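Student: Could you have a look at this structure, given as structure tokens, before my questions?
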């Protein structure tokens with residue numbers, strides 16, 4: 001029987017790139033992994049022929065890592081009303097999905113972006129236009145069966161973000177041209193959804209029922225499993241370690257073990273410990289407590305959680 005698809009962000013910054021990322025994921029006892037194909041805040045990229053892709057997949061097959069998800073760089077803003085920034089976003093988006101395909105990843109997750117004062121309706125229209133442009137490019141550049149599923153991430157509603165609720169996400173999906181719709185889905189981020197006003201903690205089934213009615217649970221292609229540092233509807237987007245935030249361990253364990261998401265990768269983006277929240281993350285402990293191999297008390301006493 002396959003283990004639940006559970007993993008975390010891992011780095012391709014090591015010497016062997018994707019192979020190094022797989023080695024890191026194995027340290028955490030992961031069965032899925034989330035990567036950027038380069039630095040998230042710039043567009044400088046190492047050629048894929050340096051990523052040791054074949055060796056990485058051989059190791060994945062041997063050790064039982066079944067899914068790779070790629071996160072888009074934060075430079076992409078399809079919601080932008082600035083023509084130059086929008087065109088740059090479409091170009092970068094297209095090239096990143098091609099890289100995603102080249103490393104054998106199944107999904108590509110992106111933030112829909114911010115309208116920066118142009119208004120939500122204009123921002124949503126720009127995202128739709130951008131997605132259709134990207135997909136048209138991809139159908140030219142890649143065989144259809146090699147196009148990764150593109151996932152729109154749920155947003156917390158910080159600033160002028162679009163995609164901040166299920167209605168806006170449904171509008172974007174409905175605007176994708178029919179021939180491309182099977183290529184597009186949703187990445188549900190638990191912190192973002194909670195910060196956006198959906199009470200997963202007290203009304204878990206109601207939230208999922210509303211999502212199913214508006215969009216369809218079958219559209220969820222990945223879950224970013226994060227606790228929230230701030231409260232319900234805070235619109236802050238600050239991740240906390242599993243069980244140490246406002247959502248809590250019980251709810252996040254419920255998501256992790258929900259039979260409806262058995263084939264959906266659950267991926268941690270939680271803080272590291274100590275002074276540098278990005279260094280030495282406690283993903284191994286978080287995965288262990290979610291799998292039931294570590295009690296919650298043992299997990300809390302591990303002294304590897306970010307404060």
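Each Cβ is built from the backbone N, Cα and C atoms, and glycine gets one as well.
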Student: Looking at the Zn(2+) 2 binding annotation from TrEMBL, with 153, 224, 269 already listed, which candidate in 189, 195, 297 is the matching residue?
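Tutor: Looking through 189, 195, 297, the residue TrEMBL assigns to the Zn(2+) 2 site is 189.
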Student: TrEMBL has 237, 239 binding Zn(2+) 3. Which one of 115, 192, 203 is in the same site?
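Tutor: So the Zn(2+) 3 site in TrEMBL includes 237, 239 plus, from the candidates 115, 192, 203, 192.
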Student: Given that TrEMBL annotates 71, 153 as binding Zn(2+) 1, state which candidate in 41, 111, 235 belongs to that site as well.
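Tutor: Within the candidate list, TrEMBL flags 111.
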Student: For residue 71 (Zn(2+) 1 binding site), what is the secondary structure by DSSP, using just helix, strand and coil?
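Tutor: Residue 71 (Zn(2+) 1 binding site) sits in a strand per DSSP.
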Student: Taking the recorded Zn(2+) 3 site as 192, 237, 239, identify the other residues of that chain whose CB atom sits within 8 Å of the mean position of the site's CB atoms, giving them in sequence order.
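Tutor: So the extra residues in range turn out to be 156, 189, 191, 195, 226, 228, 236, 238.
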Student: Select the most exposed residue of 192, 224, 239, where exposure means the fewest other Cβ atoms within 10 Å, treating these as the binding-site residues.
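Tutor: Among the binding-site residues 192, 224, 239, the sparsest Cβ neighbourhood within 10 Å belongs to 239.
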Student: If you count Cβ atoms within 10 Å of each one, which of the binding-site residues 153, 189 comes out on top?
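Tutor: For the binding-site residues 153, 189, the Cβ with the most other Cβ atoms within 10 Å is 189.
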Student: Give me the non-local Cβ neighbours of residue 269 (Zn(2+) 2 binding site): same chain, 6+ apart in sequence, Cβ-Cβ under 8 Å, ordered along the sequence.
Tutor: 8, 9, 34, 189, 224, 226, 239
Student: Counting only residues 6+ apart in the same chain, whose Cβ is under 8 Å from the Cβ of residue 237 (Zn(2+) 3 binding site)?
Tutor: 155, 156, 158, 191, 192, 195
Student: I want to check the contact list for residue 111 (Zn(2+) 1 binding site): same chain, sequence separation of six or more, C-beta distance under 8 angstroms. What comes out?
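Tutor: In sequence order, the residues whose Cβ lies under 8 Å from that of residue 111 (Zn(2+) 1 binding site) (at least 6 apart) are 72, 74, 76, 153, 155, 161, 163.
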